[in-house]
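K.L.:
Below: one structure in structure tokens.
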Amino acid sequence: MKHIRSQTEIGQLYMISKHSSEQSGGGEGVEVIRNEPCTDPKHGAGQITEKRIYLNSKLPTWIRKFVPMAFYITETAWNFYPYTITGQFKHYCSFLPRFHVKIETSFENDNGCSENVFGDDPTPKDSVCFLDILNDPIPDKHYKKAEDLSNWVSQKTGRGPLVDGWRNTTKPIMCSYKRVTCSFEVYGFQGRTEDFIHRNIRDILLVGHRQAVAWIDEWHGMTLEQVREYERKQQEDTNSKLKSDITCTDSAPPMRPSFTRSISVTDESSLKKMGVKTVDIPGSPSHPSSLKSPVRLNSTPK
């Protein structure tokens, strides 16, 4: 199964680089701050990547009113394939408290049938969902006919198209198990923001794994060194494009008034003055604030 794993690793690296490039433009997207080898006493040799993700227009209106035009979050990822960690998302904006997202990934040679692949406390079954890259709907803005796996055929491998029941009949196959934990502790916004984060991560994972398969003829046959070189070139191009766009944005007149005073989004009276409907959420000493139960997302990229 080593060959399958190496294919999946290359496909994932290729997909992430190309997807990040496609999503960058107009002052938004992914800027890579560092991408270098690292080691871990448990997982061995790997790669650490730190990125700034500019995403103002992708935020819901009720969040955009509190953040600056050039808002970004910082993502750090550790890739010890077949185990990866993407997390400790932070932002450095005074208008909102910090929030955290952690995504753990384990690639397994199966079709999603394994239990507790992370080897610790199992995720509650009602918090586990399976992502089907063939049948699950994706947002219309992300749909491309060339990436519809019901029509896709690989010229290099002869694979495709996928048909109903493909998870039980397709060989070779590998499942990407994801465990997602997020926390956004802001009075009146916690639940809806965490739901927004989980929903969008699900869409990103579903679209990304569809693309990893649909683009197989572009990356199949690459070595790890070749895909790392492709990754480096894409990052250079994307960083240059983002810096140019952000410079233009900074020199242009602001599209909305700048904040002239600090505001508190944790104070109930302030929220009501801004027209925000508040709700009671656990936050007292008897109900300490904590991360919501993790959600595990399973997707099958091959």
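Glycine is treated like the rest: Cβ placed from N, Cα and C.
Remember, TrEMBL labels are computer predictions, not curated facts.
Quick paste from TrEMBL:
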COMPBIAS  234-244  compositional bias 'Basic and acidic residues'
COMPBIAS  259-268  compositional bias 'Polar residues'
COMPBIAS  286-302  compositional bias 'Polar residues'
DOMAIN    9-236  domain 'Phosphatidylinositol transfer protein N-terminal'
REGION    234-302  region 'Disordered'
K.L.:
When the pLDDT values for the domain 'Phosphatidylinositol transfer protein N-terminal' (9-236) are averaged, what is the result?
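P.N.:
Mean pLDDT across the domain 'Phosphatidylinositol transfer protein N-terminal' (9-236) comes out at 88.
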K.L.:
Same chain only, please: residues at least 6 beyond the ends of the compositional bias 'Basic and acidic residues' (234-244) with a C-beta under 8 Å from a C-beta of the stretch. Say none if there are none.
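P.N.:
Answer is 17-18, 20-21, 24-25, 27-32, 35, 54.
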K.L.:
For the compositional bias 'Basic and acidic residues' (234-244), what does DSSP give as the number of helix, strand and coil residues?
P.N.:
11 helix, 0 strand, 0 coil
